[in-house]
Amino acid sequence: YIRRVRQGSIYSLLVESQQWCKLTLTLLLLLALLTRCTLSETLCGSELVDTLQFVCDDRGFFFVPQHVPPRRGAHRRSRARKGIVEECCFKGCSLRLLEMYCARPSKAERDVARPRQRPHRASQHSRRGSQSRGRGRSR
C-alpha cells in the first residue's frame, strides 16, 4: 500500500511537471511571436546612426527624408516635415521608414540600361585573333 501511494504521488508530480513545462513552453512561444511581430523600435543617438549606416550601406543617409511616399492626407504631410529623430527616437520606426532616409544611389549606380564593358572578354577576343593569325603564318 505504501509503495502504491509513493508511486501515485510520483506519477502525479510527473504529470504536473509536464503540464507546467507545456504551459511554460506555450507562453515562451507566444512571447517570441509577440516580440517578433513588433513593427517599430525606438532608436536614439549613436544607436540610430549605426542602424542607418547599416540599412543605407554605401549610399549614406539624411536626417530629413529626401523622398516621401505619395501624400494622402494630413498624416502623410506631417510626416514629411519631421526628421528621423522625431520619428525613430520619440515614437519608434520600422525598417521601411529608415530606408526613406537613405540617400539615393548616384546615376551611374542606378543606370542599368547601358551595357557595361568587360575588358576581360576583349582581351580574350584579341588573344583568339592573334592565335588564329599565328596559325595561318606557320602553314
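Using N, Cα and C of the backbone, Cβ positions are placed for all residues, glycine too.
The feature compositional bias 'Basic residues' is assigned by Swiss-Prot to 115-139.
The feature region 'B' is assigned by Swiss-Prot to 39-67. Outside the region 'B' (39-67), and at least 6 residues removed from its termini, the chain residues within Cβ reach (under 8 Å) are 80, 83-85, 88-95, 97-105.
Here Swiss-Prot flags 83-103 as region 'A'.
Per Swiss-Prot, region 'D' is recorded for 104-113.
Look at Swiss-Prot and you will find 114-139 tagged as region 'E'.
With DSSP classes pooled into helix, strand and coil, the tally for the region 'B' (39-67) is 15 helix, 2 strand, 12 coil.
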